[in-house]
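S.K.: According to Swiss-Prot, the feature [4Fe-4S] cluster binding site maps to Cys573, Cys582, an assignment based on sequence analysis. Taken from Swiss-Prot, the feature chlorophyll a' binding site covers His675. What Swiss-Prot records for Met683, Tyr691 is chlorophyll a binding site, and it gives sequence analysis as the kind of evidence. The phylloquinone binding site annotation in Swiss-Prot covers Trp692 and is backed by sequence analysis. The transmembrane segment annotation in Swiss-Prot covers 70-93, 156-179, 195-219, 291-309, 346-369, 385-411, 433-455, 531-549, 589-610, 664-686, 724-744 and is backed by sequence analysis.
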Amino acid sequence: MIIRSPEPEVKILVDRDHIKTSFEEWARPGHFSRTLAKGPDTTTWIWNLHADAHDFDSHTSDLEEISRKVFSAHFGQLSIIFLWLSGMYFHGARFSNYEAWLSDPTHIGPSAQVVWPIVGQEILNGDVGGGFRGIQITSGFFQLWRASGITSELQLYCTAIGALIFAALMLFAGWFHYHKAAPKLAWFQDVESMLNHHLAGLLGLGSLSWAGHQVHVSLPINQFLNAGVDPKEIPLPHEFILNRDLLAQLYPSFAEGATPFFTLDWSKYSDFLTFRGGLDPVTGGLWLTDIAHHHLAIAILFLIAGHMYKTNWGIGHGLKDILEAHKGPFTGQGHKGLYEILTTSWHAQLSLNLAMLGSLTIIVAHHMYSMPPYPYLATDYGTQLSLFTHHMWIGGFLIVGAAAHAAIFMVRDYDPTTRYNDLLDRVLRHRDAIISHLNWACIFLGFHSFGLYIHNDTMSALGRPQDMFSDTAIQLQPVFAQWIQNTHALAPSATAPGATTSTSLTWGGGDLVAVGGKVALLPIPLGTADFLVHHIHAFTIHVTVLILLKGVLFARSSRLIPDKANLGFRFPCDGPGRGGTCQVSAWDHVFLGLFWMYNAISVVIFHFSWKMQSDVWGSISDQGVVTHITGGNFAQSSITINGWLRDFLWAQASQVIQSYGSSLSAYGLFFLGAHFVWAFSLMFLFSGRGYWQELIESIVWAHNKLKVAPATQPRALSIVQGRAVGVTHYLLGGIATTWAFFLARIIAVG
């Protein structure tokens, strides 16, 4: 029996008036650092100011103070998000054709931006249908608004104003919880309470309130919209909420109220909580009744999950106990000590969250097209392509961020003296085996995946198609993927007897959903071409992981530099006296990892874009004949490198290259400009600091001659700064180029 001393009933969890609000201090650049606060001597000062402004670890070593700054900054972030959302809704209310789109979503394109004629750029206002001229948008907001039950621009105005009020509230909260009532460290470390509140509150009640909104507002309004009722004739949301008889006309079970719920006769509610699977043939989106059911189920799960952890009542799980019990036969002390790491190192915590959120974002990308959740989303090809591309890039960046913060944790927060034989220590002790094996896997994947393409290019060049790897010659069918597809396609009659159709049309079966003569979704065939490109995916992902993991595992020490931890997270080289020690810092691994992340995601979005245009997207005739945008050329063209260059990059770039003089010309200019930004990055990546310092000193000499030399001494960028500027422009230029290429193409042909 464990006897615990009685704890005081009320814990004081905040400090009052912790730090005074001082505009004078905020107005002094670099007030958070003694060195920076002195002001600039050289131009390096402005770079250090940006690098360290949010590096709270460098301001103080007091964990409580760091925690408060991070917490306060989160409210600032939320404020910006609300401001951004407000802007999106305001554009929908003020500058868009939302009401026209709502009345005819198959013939009218979504637009929420009208360009003002200043120097003739009103050419950008294309005809999106219904007599409206503006820029076609591909964010998916219109489809989201329709699914939420928004029927007028006035409702968008009200939401925009509401979001502005919330933005102001968040700004106030950020100030209040740092200056007026700052939480104590114990509050940030009370993980059980945090889990309960986040699970039950954010996820549980959040899902429940969304399910409630869907049932009482979205479902009835969408029911009317689908039946072709004029949006102006549809009752307003509060009428559905307050008048049960109105809902009962659409969903008879509403007449019975809550009786079926308390008598456990839940199947009565199956008229608005369904389990159908597949897509609604009217809108090409998931059944909104399925979505409502899903959110209700999720809410129940998370409300239960939010009552599992031990807080004031002495029952439930303790996270420390769970982690310390977590050990297997070959894992030594297992997760012992992990609780302390995750409650004292916010970098470790953030790393874990970024890895999870990044993976989840990529999962979202894949579900948005295979199970399109909003009405008329699946037939808006530009939006589909944009949503996939956007979520893939974001996921890639978040995963690299996970490695970055894992490495910062290793350098700044990891204490090797207190860790022995737990899982992390054991991983670090056999890091050589991990990295060398991973390196072997990368070499194997690289040579074999690329080798298959090179073989095909060679055979194609020699005029020997019968010797190529293709669906019509030597087949390399992705049999495991096809088996998984088939299993899911057959699920409704086997493992999921309650469902009418399988979760996604992409699995297989004969179903095709078309809306307004355009294909929403159909079974996606996988063949040799997909087998080849999937191994390129495997290769690029493994190389990215190799670089990032090496950075984390060797962040503190390596055979080359045993005292690396003393040099910090980012440093250019191990001092001037040691050659061959550049690009070894943990920061440099993140820098290099970003390039491979860019490679990996580029191949994924290229694969997706071409595959969908070739095998899914297109029009359907009255006889039911489908004509795809690129006529199914993916299977035979994408099996050679030449095919990718000729039939994808070059053939599909014609729209962006020929966009001048049309409403798509902005994409042509972006395509050009973003190429320029990308090329500009190479100047930073391929030249050293000394070259620029020499040039600068010559320019300073000229300024002195003319007596216009500045007081602040100009300096070349440091090595690390140059790399940071380089990789930023490389990624920005590359992503913007791809964006212009994709959108000009898909808006023109989609």
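Glycine is treated like the rest: Cβ placed from N, Cα and C.
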S.K.: Tell me the Cβ contacts of Met683 (chlorophyll a binding site) under 8 Å, same chain only and six or more apart in sequence, or just say none.
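M.R.: Correct list: Gly726.
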S.K.: What same-chain residues lie close to the transmembrane segment (664-686): Cβ under 8 Å, and 6 or more beyond its ends?
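M.R.: 123-124, 126, 135, 655-658, 717, 722-723, 725-730, 732-737, 739-741, 743-744, 747-748.
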S.K.: Of all the binding-site residues given, Tyr691, Trp692, which has the fewest Cβ neighbours within 10 Å once its own Cβ is left out?
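M.R.: Counting other Cβ atoms within 10 Å of each of the binding-site residues Tyr691, Trp692 gives the minimum at Tyr691.
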S.K.: Same-chain Cβ contacts of the transmembrane segment (531-549) under 8 Å, 6 or more residues past its ends?
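M.R.: For the transmembrane segment (531-549), the nonlocal Cβ contacts are 399-400, 403, 434-435, 438-439, 441-442, 445-446, 448-450, 452-453, 469, 476-478, 481, 589-590, 592-593, 596-597, 599-600, 603-604, 607, 638-639.
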S.K.: Return the count of C-beta atoms lying within 10 angstroms of the C-beta of His675 (chlorophyll a' binding site), excluding that atom itself.
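M.R.: There are 15 of them.
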S.K.: Can you tell me how far the Cα of Cys582 ([4Fe-4S] cluster binding site) sits from the Cα of His675 (chlorophyll a' binding site), in Å?
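M.R.: Just about 29 Å between their Cα atoms.
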S.K.: Can you tell me whether DSSP puts Cys582 ([4Fe-4S] cluster binding site) in helix, strand or coil?
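M.R.: Assignment for Cys582 ([4Fe-4S] cluster binding site) reads coil.
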S.K.: If you draw a 10 Å sphere on the Cβ of Cys582 ([4Fe-4S] cluster binding site), how many other Cβ atoms land inside?
M.R.: 13
S.K.: Measure from the Cβ of Cys573 ([4Fe-4S] cluster binding site) and count the other Cβ atoms within 10 Å, all protein chains considered.
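M.R.: There are 18 of them.
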S.K.: Can you tell me which of 156-179, 291-309, 589-610, 724-744 gets the most C-beta pairs within less than 8 Å of the transmembrane segment (385-411)?
M.R.: 589-610
S.K.: Short question: most Cβ pairs under 8 Å with the transmembrane segment (195-219), which of 156-179, 291-309, 433-455, 589-610, 724-744?
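M.R.: Against the transmembrane segment (195-219), the leading stretch is 291-309.
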S.K.: Would you mind reading off the Cα separation of Tyr691 (chlorophyll a binding site) from His675 (chlorophyll a' binding site), to the nearest angstrom?
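M.R.: Checking the Cα atoms of Tyr691 (chlorophyll a binding site) and His675 (chlorophyll a' binding site) gives a distance of 25 Å.
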S.K.: In DSSP terms, helix, strand or coil for Cys573 ([4Fe-4S] cluster binding site)?
M.R.: coil
